[in-house]
Amino acid sequence: MQIAVLLSGGVDSSVALYIMIQKGYKNIKCYYLKIWLEDELSYIGECPWKEDINYVEAVCKKFNVPYEIISLQDEYYKRVVTYAIEELKIGNTPSPDIFCNQRIKFGAFFDKINEHYDLIVTGHYAKIENKNDHYILKQAKDKIKDQSYFLSHLSRKQISKLHFPLGDLLKTEIRQIAQKIDLPNKNRKDSQGICFLGKIKYDEFIKYHLGELKGNIIEQETGKILGTHNGYWFFTIGQRKGIKLSHGPWFVTEKDIQNNIIYISNSINYLKQGKQQFLVHKTNWINKPLNNGDLSAKIRHGEKKIKCKIEMLKNDIIKVDLEEKDYGISPGQFCIFYQEDECLGGAKILKTLT
């Protein structure tokens, strides 16, 4: 069996490689996907991916496996970064990591490698089950680290080639393994945020591409101008961080894109702003829901799932009715559907209702 392992330089993918070797697999080649955007990195004066490469090289040397660096920067910019920028321009909240998995790690990478591989192994926190050639994507044992949300837009064909060795392990167990086998990167911190940013702050990335534009911050209930902001594209519905005003905490409740206005509400009135119903479109079903199964949804990456009902409307639009209110539903985000711990797929949020 020919196996490709995607290494990031982090602990998770390195432990995934170790597990495959421990299981007796021999024909393994590792790949590092270079998707760093050089223009965005120029002002921080260093190349963060070089540290990744050093760790990848050290891990592969330890286990005596070959590795190759594959540059996917052009593909990443065209298929993911451009999408994120266009969504921000129209006031939506993009989810770049979903498309990074669908279009790059398991899209462009699949297209790029000439060798034939029976299995692609990564350090994602998720599970894949195969029941008579029927592939199921499931949540990981570690529900806090679970990444099924970001894998929800893969096709069944993509899933059929994947294996996630960490799906039945907790993060603490993975750290213990790394220490026990003395991995070169055993003490390396986990990466945070969007896959391509690394040391770049998200707001800095947005500023680089969209600049700044002064606008008013208005209290939702009174219409009173409370302050100014640097552009609606820096904010998302439900956001609290970054609103530096007294008498808070304040939360974003609405964005007026035409007039570059951010509406906010304080903690008391904010609780009245929650939504339970919204429309989604552009659905990707890995497996369609069973009629007799309870359905739940994730509006964002994290542990929380909310029970819901769905109604199929015209033009492939789906109405979602949550069992409880959510306070951060924003167009452009993705709603991912689950039955128990199976990830069925997901859809892009079109607009909120009530």
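Note: Cβ is positioned from N, Cα and C throughout, glycine not excepted.
Lifted from Swiss-Prot, the feature list:
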- LEU6, LEU7, SER8, GLY9, GLY10, VAL11, ASP12, SER13, LEU33, GLY123: ATP binding site (BINDING)
- CYS100-CYS195: disulfide bond (DISULFID)
- CYS100: active site, nucleophile (ACT_SITE)
- HIS124: site 'Interaction with tRNA' (SITE)
- CYS195: active site, cysteine persulfide intermediate (ACT_SITE)
- GLN333: site 'Interaction with tRNA' (SITE)
For the recorded positions SER8, GLN333, which one has the sparsest Cβ surroundings, going by other Cβ atoms within 10 Å?
SER8
If you measure every Cα to Cα pair among LEU6, LEU7, SER8, GLY9, GLY10, VAL11, ASP12, SER13, LEU33, GLY123, the residues listed for ATP, what is the largest value in Å?
16
Other than its own, how many Cβ atoms are within 10 Å of the Cβ belonging to HIS124 (site 'Interaction with tRNA')?
26
Nearest by CA distance to LEU33 (ATP binding site): which of the recorded positions is it, out of CYS100, HIS124, GLN333?
CYS100
Between SER8 (ATP binding site) and CYS100 (disulfide bond), what is the CA-CA distance rounded to a whole number of Å?
14
Would you mind pulling the DSSP three-state label for LEU33 (ATP binding site)?
strand
Distance between HIS124 (site 'Interaction with tRNA') and GLY10 (ATP binding site) at the Cα atoms, whole Å?
11
All-chain count of other Cβ atoms within 10 Å of ASP12 (ATP binding site):
26
